[in-house]
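The structure under discussion appears below in the form of structure tokens.
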Amino acid sequence: MGCWGQLLVWFGAAGAILCSSPGSQETFLRSSPLPLASPSPRDPKVSAPPSILEPASPLNSPGTEGSWLFSTCGASGRHGPTQTQCDGAYAGTSVVVTVGAAGQLRGVQLWRVPGPGQYLISAYGAAGGKGAKNHLSRAHGVFVSAIFSLGLGESLYILVGQQGEDACPGGSPESQLVCLGESRAVEEHAAMDGSEGVPGSRRWAGGGGGGGGATYVFRVRAGELEPLLVAAGGGGRAYLRPRDRGRTQASPEKLENRSEAPGSGGRGGAAGGGGGWTSRAPSPQAGRSLQEGAEGGQGCSEAWATLGWAAAGGFGGGGGACTAGGGGGGYRGGDASETDNLWADGEDGVSFIHPSSELFLQPLAVTENHGEVEIRRHLNCSHCPLRDCQWQAELQLAECLCPEGMELAVDNVTCMDLHKPPGPLVLMVAVVATSTLSLLMVCGVLILVKQKKWQGLQEMRLPSPELELSKLRTSAIRTAPNPYYCQVGLGPAQSWPLPPGVTEVSPANVTLLRALGHGAFGEVYEGLVIGLPGDSSPLQVAIKTLPELCSPQDELDFLMEALIISKFRHQNIVRCVGLSLRATPRLILLELMSGGDMKSFLRHSRPHLGQPSPLVMRDLLQLAQDIAQGCHYLEENHFIHRDIAARNCLLSCAGPSRVAKIGDFGMARDIYRASYYRRGDRALLPVKWMPPEAFLEGIFTSKTDSWSFGVLLWEIFSLGYMPYPGRTNQEVLDFVVGGGRMDPPRGCPGPVYRIMTQCWQHEPELRPSFASILERLQYCTQDPDVLNSLLPMELGPTPEEEGTSGLGNRSLECLRPPQPQELSPEKLKSWGGSPLGPWLSSGLKPLKSRGLQPQNLWNPTYRS
């Protein structure tokens, strides 16, 4: 190929000739290093000896941190950044690059590897532009990440993709009216012509968004460009929202890992397809390939000539828009519509990972604006005791981390106890002895004083669950009538009708064992019930009660919860054993879930140094499947739970045969209160588990529970951590509305995190149903890579050291139900008890002395 002008450029000791043709865009790069701008004597980063021109990116000093972030340097649109822009953007950081000034690599950033080793390279493609009336969301750019072995001084070429341009605000008054929603000129012209996108009726052309540019990371090998990573750009949105958007799932991200695969460009029509690795642009609207300069395609000429639309593709091969959206750039460019109709979005490009790399994470569409590249050292910590280490820039090595109270030995592997210099032993003994004697004297005086007041203080004790249980057993308190509260113990109680199909339990058949804690209405007890149909043996249950003094609203809420709980019959929803609503005290009897709530169980099961977790990845997947089964049942019965969270899920036991069940319907009950939808009443809204449409507009559908289930998955695989760590509810609201999503928990398998991200789609229609979630969880249980994943080691103190209550011997096996010969009705009668005051007429019997002391077995999920 002939050249009109030739430019000779040298990089160090390696030289090559770059052949450029100003009048043609069909010149391809064969063996050309990055063309540089002329060095400036005022720029300290550039030095130019008489015969050799060095790049402006010297090797990083030994003190440089092992993480580098590359951006668009503030550039946007079709063209890449300049050297001046990148110098300003990277000022004050460890990133030093050389930016191409001309030719096919104009806008490409050159960076040199500071030292040999393995590097984790993460690339983010740019998002596509929004359409004039399709602006609720944009097509996300794709994220890819892999590990590469790089040598000292090796040159990496980095092209950071730029976001495709939006159609609005438009370039003419008429187009601006369309953007504001005050004009339907495009739709009216389409209706009159009857063409809806057929070429020839171009008066209404334009209004689509440009395709997003791809992000490329490549190097030169044997005189040829070799791609390492290509993160595809998102396709541009069309003028109108697609008609079938609500009935189709989002297309999966595409990945290519064959070096010999062709890097072709996307097909297009009036809107251009995305540029590929080696393609040739067939039209001005098509995005240029990397070897053509990777410029974004122009907007179609008809759009500019009529309504002033000019939505170009982003730098990185994004296709220009017309009425349809442009295709996204990539290793292979995304296609654009050939008919240019009103609702044809551009397709995303195809990502690429070199086969010589170690795949770190499957591609995922996450980027909502410009692309970026992050490079960090990949540390090999397999030799460390905790399998964890950190990079020491001064020593240029990975230093192992040791537990608290220990230090690293000289061999950089062994952890040993900290050396504590011995103190003056005699003085220490004297101080301890004196302090002990003084403390004993003070305690003796206090004991003598307190003994005189002990009887009075016993009468003034604050109410507690155990005190309330004692009062129910012995008290005969009578209350005066108050019109604002229901009467307790005065006259006959109002009879409430029972729902059909629910077992009515007489209070005479209920025995209280011990208090579990406080609920939303009153106390919750562990107890025994006899006389159930078809079962003569006593059954352990959890008993919800209504307090002595209650308002009419409390009575209605209690009845509503009873109706909701008794409605469901499923193995993964806590079963309602029976109700007692015809006389006071009102009772709801639930099956006793001895394993406690899921959140506390997960926190207690975290692995610690010297204390492995009793759980494996299959156990976590089983917990998720159990709750998904319950949610699927609710979804099929058109019931919206509104508060799927780990704290509201209970375990039948803590052993291997555990079954997880949904155990709280408080949010579902509260929606029937008139005050529920008042703006600003955030106390009733669990913001961290709710999608944007729920806390912004008060819209609840089955897709609301899908979002909450994604957060529950995050809780399960983080072993009980609070979602959105370190953020307040208001910060979470702003973060989610702004498009932010949580990162995967440490050690979470990629397929499981993909289920979370699908549940967190901004558009409710794009979130999967629970039938689809169950299918994807089943795939995970059949994936050896997922099942063999290890739980991350916890470096902090164990729950016992933190003072939290553990599960004790409950973690070894399920609680066995009482045997009939141990708890026969005759023995229950022999236990006896004193009169129960207001409970006397109902015949409710407490369990007398069995040595049962108050224990913190209360689960907050038992509350409403």
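Placement of Cβ uses the backbone N, Cα and C atoms for every residue, glycine included.
For the residues ASN380, ASN809, the entry in Swiss-Prot flags N-linked glycosylation site at a single position: ASN380.
What Swiss-Prot records as N-linked glycosylation site, among ASN412, ASN509, is residue ASN412. Here the candidates are CYS322, CYS381, and Swiss-Prot names CYS322 as the disulfide partner of CYS300. Outside the compositional bias 'Gly residues' (263-277) by six or more residues, the chain places 199, 205, 208, 211, 214, 227, 230, 233, 235-236, 283-292, 294, 297-298, 300, 302, 313, 316-340, 344, 346-347, 349, 352 with a CB less than 8 A from a CB of the stretch.
Applying an 8 A CB threshold to same-chain residues 6+ apart, the list for ASN380 (N-linked glycosylation site) reads GLN118, ALA398. ASN412 (N-linked glycosylation site) counts 15 other C-beta atoms within 10 Å of its own C-beta, drawing on all protein chains shown. Around ASN257 (N-linked glycosylation site), taking its Cβ as the centre, 15 other Cβ atoms fall within 10 Å, counting all chains.
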